């Protein structure tokens, strides 16, 4: 694309924009309807008709086959799936006794109804996109046939998408994967937030609109506004400390090890990385055991006579919160050391050299060279770490399990949104409330990451520091 | 396909495989392909309710999950033949039949073994008199009790007259009634218990470890811990039904939950008749005897209990006595699933000094209020 713009004598700013400029396609649905001939218009109903008329037989047949497959799918099960969505099923299981033995006829299962319904809607949307593409393709074939004498045949098309338009064929599979494995399940989960799918409605449930969202902002109940606010605030506080304490302490250690006068660099790095070698969940469970009231740490301190009563590691809210943050340091710092060591070694030595000649002291080189460089490179990493910490299920669930939990509450003092979600869905079966909290976690994360990333140097000055 | 615990299907000679072979001989009319999977009775309901259509044809579950399974349409009624078999097996033990009876009066599955907890103790420390009173034992030795385990904690409240879902545990509307004056008194007793230097909280196996090291003289547990206890205590091995505790001057009997492990079949099976027959067969007198001989589990079948070999077994005696005299049938309605979490939290709050004499009443009532909002 650079080559096409090179020759034009335009102002610099304009040229930059022009480089990525792609003119809108002239093969639009509207143009196909107004300017298309009979075959092209027939393609609105029978996909591929226009292509077949321009001797793109294989392509036309493929379009037609997709249409037939879609109609067949809708006729056999799709239409029924759609029809079931508004009610989410109503038939109950029935039993009858034959010769003293019970025989059962299964009833509707709302989860399945919902899943199939969402998938059918999804397939229909995909088909609409495909339909538009096929119609435009018919119109394009008509125009090309009129302009050049013949529309490209299948072999030419094939060459095209494997060579000049290779991005289309290369991206097709990943995009399809994202649609099927992340968008579809997300939509399915979000639908649950509008139903009463909880432990009391396991098989048959109904749409309830925004009731669950109302529940989240109500004054009482298993999930309520004050509890949500408290968990959300702690989640953000936790993510902040877990991210930045790890970062700065890891940075400090990495720089100490990286000093020219430090001997045995490899040895120190290996020592600090040892905790990575033990699987996280093992160390977390072991630490959980050690910090129990009758655990090793309390016993040791008591036998030394330092304390009279067990330290309330997971029974006092403040203690528990500090404990999870401190233990997380131990789990997380080694990774930061590794990460930062790599970047520190990558900072051009001439810059330090020049700074030294100019008479900069240690603090000045740190704030003017090291930090900007690190922050520039690491902002996206810090955002993902922050996101990861908001959803840091392992550390909280395995270490404190959300404790201490006040009497009668569904979330403990160290519960994050994600562990709360887990407790509501897996332990209690309240999938609807879980879905609502999932949606709010997503919103929180989206806001935080977008704001930080859009205002970071990595985004604004893409291509800097090359 | 059938689900059972790991230990029952280790190899070709294990209990489940042996039973399958015998069942095939009994019913030559079926051509069965066996497919055994490891799903413990405690997890059956959780897994089955996720998608009953792919759950095992025959599975074992813990009786308190009956309500959950029923709500998920994941459990089927027993045939007339099976009901007859169960009624003969459990003549005189109403609680076992009650544990598998749904709220519609039908029997869902056949009881296979009793499930409750009682007391193991160091024999040389206590007299026959001592072991009938928790306070007497606390005065003489170290007592370990799982205060933070919601299967054990209710023993004090239920003993003092608290009820779970009405008198017979089937009334979901009645809710949990551990509050009021009695609840306050029990909570205060538990605070005293926690402050007693001879009390040790039992969590993560610390009780059994204490028995071995000598730091603990009494633990509360069930028949599954018998081999470990025997090994840890050696000649000092003692086992007994639950003791009483002293609530404001009166001796109150602790009452444990009693439930059963149940064999049941899945209504989504393609072969309902065969599944029903196999489930009933797995819970039959012969199968239970085989299980006792192979794995030492205490059978629940009353006809077996009177056999001399089992009648002389100390653990069997303690278990049968507990079920008969000092137990409450573990409610099997779906609301029961909400009971455990808050109860465990309350235990933790007591242990963590959050509950004090001053707020005992308030927090006990708050605990009850959380059930009111959950049910």
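Each residue, glycine too, has its Cβ placed from N, Cα and C.
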Exercise for the section: Choose the correct range: of A:346-364, A:365-383, A:384-402, which one does TrEMBL annotate as transmembrane segment? Give that range. Expected result: A:365-383
Completion exercise
Expected hit for transmembrane segment in TrEMBL across A:87-110, A:111-134, A:135-158 is A:111-134
Exercise for the section: Could you tell me which of the ranges A:42-60, A:61-79, A:289-307 is annotated in TrEMBL as transmembrane segment? Expected result: A:61-79
Problem - Beyond the flanks of the transmembrane segment (A:168-195) by 6 or more, those residues with Cβ under 8 Å of it - result: 88, 110, 114-115, 118-119, 122, 126, 161-162, 205-210, 212-213, 431-432, 434-436, 438-439
Completion exercise
Sequence-distant contacts of the transmembrane segment (A:111-134), meaning Cβ under 8 Å and at least 6 residues beyond its ends, amount to 29, 43, 47-48, 51, 63, 66-67, 70, 73-74, 77-78, 81-82, 84-85, 88-89, 179, 184, 187-188, 191-192, 195, 197, 203
Exercise for the section: Could you check if the transmembrane segment (A:319-344) is in contact with the transmembrane segment (A:266-287), meaning 3+ Cβ pairs under 8 Å among residue pairs at least 6 apart in sequence? Expected result: yes
Handout entry: Spatial neighbours of the transmembrane segment (A:431-453) far in sequence, C-beta under 8 Å, 6+ residues away
Key = 189-198, 205, 208, 212-213, 215-216, 222-223, 228, 232, 235-236, 379-380, 382-383, 386-387, 390-391, 417-418, 420-422, 424-425, 459
